[in-house]
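Database features (TrEMBL):
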TRANSMEM  44-69  transmembrane segment
TRANSMEM  75-94  transmembrane segment
DOMAIN    107-205  domain 'P-type ATPase A'
TRANSMEM  222-242  transmembrane segment
TRANSMEM  281-302  transmembrane segment
TRANSMEM  622-643  transmembrane segment
TRANSMEM  649-667  transmembrane segment
TRANSMEM  687-704  transmembrane segment
TRANSMEM  716-737  transmembrane segment
TRANSMEM  744-768  transmembrane segment
TRANSMEM  788-810  transmembrane segment
Amino acid sequence: MKNKTATTVTRFSPSKEGLTSEQVKQRVAEKLTNKTKKVVGKSYLSIFASNIFTFFNLLGFIIFLLMLLCKSVTNMMFIVIILANTVIGIFQEIRSKRAVEKLSIVSEPTATAVRDGKEEEIATRDIVLDDILIFSSGRQICTDSVVLEGEVEVNESMLTGESDSVKKRAGDVLYSGSYVVSGRCVARCDKVGKENYVEQLSERVKKSKTPNSQLIKGIKSIIKVISVIIFPLGIATFFSSAQVRGLLGEGVNLWQNYVVSPDPDVVYQINEAIKAMSGSMIGMVPSGMVLLTSVALAVAALKLALKKVLVRELPCIEMLARVDTLCLDKTGTITDGTMTVEKVIPLRGFTEQQIKSMVCGVVNATGDDNATAQALKRFCGDCDVPAASEFLPFSSQRKYSAARLESGTVAVGAAEFMFKKTNDVFEKESQELLRQGLRVLAVGVSSKGIEEGVSQLVPAAIIALSDTVRDDATEIIGWFKNNDVDVKIISGDNPLSVSVIAAKVGVRNADKYVSLEGMDDQQVAEAATRYTVFGRVTPDQKAILVKAMKAAGKTVAMVGDGVNDILAMRESDCAISVGCGTDAAKTVANLVLMNNKFSSMPKVVAEGRQVVNNIQNSSSLFLMKTSMTVLTTVLCLIMQRTYPFEPQHLYAMEFFVIGICSFLLALKPNHNIIKGRFVANTLKSTLPSGIAMFLSVAMTYAFMNVLGIQNDADKISTVAMFSMTVTGVFALWILLYPYDLINVGIGALGTVGTVACYFVFPWALGLIASWTGGEEPTPMYVDIDGNAVLFIAINAVVMALLIICGKLIMKAIEKRKALKQ
């Protein structure tokens, strides 16, 4: 296909005044804007598809058709649960998506365009072909463009994988997807939309890094195991039941007697076998577990959106909840990002006014607008300095900026990166200022040009700046400390001054600091777990630190707002930026704090912990029924008895003990520290309850002769159903311990609902059957004598004690393991 941009469109050659309004309108009419078909999160179609076309929904639909075949209306009610799950899932995901989309519009990247001779800030999607754009440090290159004037250093690591900065001058191409590290330039938009290099690259390689979610992986692995065993056990249950009912003996032609020329007795017996199979398969399905996870994450994203926190990927909520190491720069987190020049110490006979003039010349030449540059501008005030003949903008790799002035080359930045050696006076003064927690900048001079001069700089002055510590910094750091999250400070400043500030706000082990200047990659990696405060860190070293922490088994979150943080953010388990951060930083972030408040972080972590902890608790309710059903099915196959439960026998358990209670559990506050892995934690909670529920059914078979019900399948089903259900209610109450008002309310609702179910459902099912003309409803239970009722009570109490013992044993094992470690 021919490139429309290159072959069929008349190109404009705008001056520095940019396109005119008429030219912009023409481009919009030609649909040559920078709009793409990117969707925030899942598309609406994907939301519907992922909630409707699931393995368990398909299985439920097949069983529903089988119940239609059997004309068993009373056993079809499980479809209501499936439909309710699906509708709730779709509703919550769409609601969450809309809230996130609204917040995404606020965080949408912008670009500086020149139109009708005026600079204006526009959304990147509104850029048109041939627009004149201005790119400066921190800006994401949003369209393939050609540099017209100026010089910038860009990082193309997102495109090439190489982290080294590349210089771009007039005539060079700026590729979309890269970002400006330093400098400023004017460029002309050369391609838009899908014609951009990054868009074509995305088409060829459709993959992106997504958070490594234990929840999603764990649930998928559980589903995989269930999907492997459910059909073999279901089919085996059908044939076992058919065998017990004499349907597989000689002289019985199932096809002839059921389909071609139906024999009422054979039809009845086959339908009963189908119901037994369906009851077994429905019991094995934790139908609401997947939905509950999606809903809990969607609700969390919605709540965070209302708190002005943009969640780009739902699994990152979980990842942040599991974080045990938080990496951040002091600027914008511990401090508010504003700086003040506190002291100037001229050297080599220079006066303070001369130092002001030199610093002013460098700041004006480079055009830097970071917090340090702003503080220096306020210090210098109005100054009349001739324009620099050449300059070198600040970069996180260099750690200084420089300009060629009339007096020679002047540089401002970190002394360690500027001077080959310094004198005793410089070192003494610098160390004293650093011990006070002040940030120290050096001013260096050379009579040579920039290229040669920066390698021959000598100290001319020391400038000390103070950071403004946030009022709530101590409280925030204290929250992370109390919640077992290690805080690591990674900064480009001198580690001593950073350490002093970190200690003031309560960072644990703030006295363990190190400068990474001159270290090789191996030394940086070794330092990652030994120190808390890292100074003089380059962007590449930040990424190495994060990678080394992850290799040591840590779950790492990286907070960043500038281009120097991007490599580390991409390496982290969860990347966090702020609304006022650079476009490039916000692009790679999983979470964006749109209100620019680091104080929102504890709320975000707490929201994630609520999701993970509650999903673990809720999943154990779903899986205790699954494990009970699997074990009961295997027992019946071994004993060659009919599976005792039809789908209707599980309604009370499905609707109240599991369905409603698990949903309420998933939404209640729970900010406990997450320990262990999802699958292991869930199984530890599930197995005692699931095994106890199975044993309650097994005991029914063990004592059926004593109870005198061995020849009455309906009474066996009734006793087994009540034993299993009451044990399940006890398991719910044990799970809810320790009790508070919410937990007691959930437990009471589950208990009352379960009891009411046995009165309301038979009446409701009979009413439905009469309306639909189906068969008279099979009784959910039959009358049993006092001995059977006493057995059910004793059986359930014994099983409850077994659950408690099982959980205590699990905790004892965990404590023993913890002591060994």
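Even glycines carry a Cβ here, placed using N, Cα and C.
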Taking contact to mean three or more C-beta pairs under 8 angstroms, with sequence separation of 6 or more, is the transmembrane segment (788-810) in contact with the transmembrane segment (687-704)?
yes
Tally Cβ pairs under 8 Å between the transmembrane segment (716-737) and each listed stretch (222-242, 649-667, 687-704, 744-768), then give the stretch with the top tally.
687-704
Who are the long-range neighbours of the transmembrane segment (622-643) in its own chain, taking Cβ under 8 Å and residues 6 or more past its ends?
222, 226, 229, 233, 236-237, 240-241, 243-245, 272-273, 276-277, 279-280, 283-289, 292, 650, 653-654, 658, 662, 682-683, 686-687, 689-691, 693-694, 697-698, 701, 713, 724, 728, 731
Region pair the transmembrane segment (44-69) / the transmembrane segment (744-768), three or more CB pairs under 8 Å:
no
Take the C-beta pairs under 8 A between the transmembrane segment (281-302) and each of 75-94, 649-667, 744-768. Which stretch has the highest count?
75-94
Residues from the same chain, set at least six apart from the ends of the transmembrane segment (744-768), whose C-beta lies under 8 A from its own:
73-74, 77, 648, 651-653, 655-657, 660-661, 664-665, 668, 725, 729, 732-733, 736, 774, 776-777, 779-781
Is it possible to list how many residues within the domain 'P-type ATPase A' (107-205) are helical, extended or coil according to DSSP?
18 helix, 49 strand, 32 coil
